[in-house]
Every structure is written in C-alpha cells, then in structure tokens.
Amino acid sequence: MPCWYYEKKDLKRETPSIQDGIDFETESRYRKEGARFIIDTGTKMGLRYDTMATGVVYFHRFYMFHSFKEFPRYVTACCCLFLAGKVEETPKKCKDIIKVAKASLSEAQFQQFGEDAKEEVMTLERILLQTIRFDLQVEHPYGYLIKYAKSLKGDKSKLQKMVQMAWTFVNDSLCTTLCLQWEPEVIAIALMYLAGKLSKFEIQDWSGRQPRHIRWWDMFVEDISLEILEDICHQVLDLYSQQPVRTDSPQGNNAPPTATKAQPALPITTPTKPVIIFNNSNMRLQSCKRIRRNFWSSTSYRSKKRRLSCVGETNLEQKTLIHSMENLTQRLMITKPTSAIVLISIVNQPNSHFMETAEFLSEAKTCEKFPLVIASKYNIPFAIDKEGTGFQIKGEIFRIDGATLVKLDELENHPVLYTRQVRRFTLADGSSIEAWVYLLKQYKPEMLELEFLESYDSEGSHGKKYVASADDLQDPEEIE
C-alpha cells in the first residue's frame, strides 16, 4: 500500500504548492480552510464524523501531489467529500453537495467551479482517485481514542471529560497536517496526553498493566517519547494561538479583506474553557527541546510499520510507493472469491467503452431468476433485486482492475441507485463462477408490471433505444 507519512520538514519546503511559489503559511491556511469547509458542509448534510474525516485526509493527500494554484481548494473539498461519502457508505448526490457548498461560498469563490459545477467535481474525482492510487480506506484516531480510554482507570467523570476534550482536539487536528505525519494511534495517544494535562486528569493506573509499561501508552505502541507527543500537541495548540488570517474577498474591492462566507478562522470545534484561558506565555506544555528521535532504528514504532515501504526514500514522490493495479484490485475485492464482474450484454452496446481494458471471460447467465425490464424516459435496462421473479439473465463476464471497478461504481451510482452484489453465474461451458453484478435495490412496484426480458440489446425488437443522457440518472426517484 502507499506510504502516506512525511517528515515535517518536507511539508514545509517540498510540497507542490511551495515549489509553485506559495509560501508555507499560505498553504497551511488553504489546508485549514479546505478542511473546515469539508466538515462544515458534511455537518450541514448530516454526514458522520468518520466520513468527513476521510474527506479531509483525501484533501491533504491530494495536495501532496498537486498545487493549490492548479486545483482550487473548495472544488477539491467537494470532490473529497463526495468520494468519502461513497467509501464510508454514507453517499450523497454530487448535486446536493454542490448546492450546500454554494450556499456557504461567496459568488467569487463559487465561480471556481466553472459553468458546470457537477461536471467539474465529477471530473476531478477521477484525478483524485488516480492521485491517491485508489487507496480508499482510511483509519482515524477516534476509534483508538475510545479503545485506549476503556483501558484507563480513575474517576469516571474526570475520565469522561478528558476523553471529550481529546475528541475535540482530534476534530481540530484535521486542520493540521498531522494525518500526513503520524499514524492515527499516535495522534490519539498524543491528544489524550494533551487533554489529560489540560483537564488535570493524571493517569496513574490502567488495565493490562505490565512491569515493562512505564507509561500507559507503552502497552499500545513502542518507543513513543514525550518529545514526539508534545510536538503533536504543539501543532494542535498552534491553531488556537494563531490570529485570524485574511481570506479571499467575496465581494470584490468593496468588501473588507476579512469578509467571507467561508468558515471562520477559529478551529472547527474550539473547546471553551481549556483554551480560552490561555495566553501566549502559558500556551505551551513544559518540555525540553522539540526534537525527534531517529525513527529508522530497528526498535522504533514507526520503522516497524514503515520500514518495508519507506526506508531509503528521499523525496515526496519517492516516499509514496505505489503497488501495481493488480494488487489494488486484490485489495478492493479482498472479501470476494473473484475479480470478475457480470454486465448485461455490454459488447457492442452503449457504455461498452468502460470495458476497453477488461478481459472478457465468457458469456454467462444468472443461476437465479431476476426481473430485467426497460424503464425510465431514458429506456434503461434495469436488473431488479427481486430473486425468483423473471428469467435467468444473460450477460457477459469480465475480469476487471480496480480503476474500472471505480468507474463502473460511478456509472451505476453504487450504492445509491444500484448495489453491487456477488451472485453465482453459469458460464457457457457449464461451469459456474461467483462475480459482481449491479442490481436495482430501490424500485417502484409498477416496474414489476413491465415486460421481463432474458437479455438486453439496445437495438432489440422492443423498439426502445437507449438514451445516452441516462448517465445523468442519480436517484431511484428519477425512474419513471
């Protein structure tokens, strides 16, 4: 899998934006604004915290390969949230994300989306997928935070207060580049350490304690020094000590430089008591020099996780090691017995170009019966998820790669419109195979009153020619 962790010094001097003439402070501001925008938009749409966090991580990773001059941050933010929704199985339609985003942005900022905002976001999604190398699964500190807290002993009310404060710090850490520097378990430990200091909750005992465990986090990770934890804490605390910065003026020269409809300069979920009482002189925790240890030693925590993929690399491009598409395909389909997918007679049919790089295996038919009908004003063939009704549907089996799978998911709007399921098929030689198939989960009852087909041909005797604009169909309610 790709290695997504970088040294802090590299983030200050070797990113594409910095090499493109953007100073470090400006890039940091753009990253914070993008992260806040994703969380603000996701919150308004009722998305889960993990979906929004995944979108923010995609955002930070994307700009390790591209400059903010090349890709506007708010367009990228919408794209990252759109993809994260699908990955975390909380999908939102692209047009709905754009609608909420438009209400949050000034007219000048929304002009960056171009004449067709939906097309802009959908096109950028393909670039995003290629940039992050289809490494879609992201771990966050939240789960580790809860796991570690359950092992701690002490006053329950104080522990609850400490965990809540740590959760807030994790939220705000998304505005930093910590997700590009450290693994989520390390971030969770550091911010629990910070919350414990600020809430005056001293951790003295914990479940599973062993004689070799000097500090509570030693039972979870190895060789994490106080210097490392405090450096992480400082990066989060810096969010609260920074003065508001100027943002793009939404109203042109007639508006004050700081006037904007975008997110405020304060952190997303700024805690009240723990931070407001601080001033610049007591903001820091007491510590020695903020230095790092040598993480390439055989005993360091990071080296055990990264040695095989990162050792010896010297720059950002080299540090992100990419596996072959074959390996990516195996990851995408790791819980399934095959990397094949069935399509309803796609050869010489509309959208056949999606299978240009796929390997044709065999003609096939479903082992079970399903309704196949032509419906909607676009004359689309729908295979309905109602087993036992209709015919054994005939189609073709292809072996595909991860990139093609993502494109097909996008085409079929999985999982909003169709759901991709594993079903068993009978091949032309009489053998059987399990493969993916797209079935319509939500449908109108009257669709079952239509003529059932055994196979589909856009030029068939039914006389209902497929309409190319069917790709715009995004919602079951649009099926007429």
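From the backbone N, Cα and C atoms, a Cβ is placed for every residue, glycine too.
As given in TrEMBL:
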DOMAIN    36-130  domain 'Cyclin-like'
DOMAIN    143-238  domain 'Cyclin-like'
COMPBIAS  245-261  compositional bias 'Polar residues'
REGION    245-265  region 'Disordered'
REGION    459-480  region 'Disordered'
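Along the domain 'Cyclin-like' (143-238), the predicted structure has mean pLDDT 89.
Across the domain 'Cyclin-like' (143-238), DSSP helix (H, G, I), strand (E, B) and coil residues number 62 helix, 2 strand, 32 coil. DSSP labels the residues of the domain 'Cyclin-like' (36-130) in these numbers: 70 helix, 0 strand, 25 coil.
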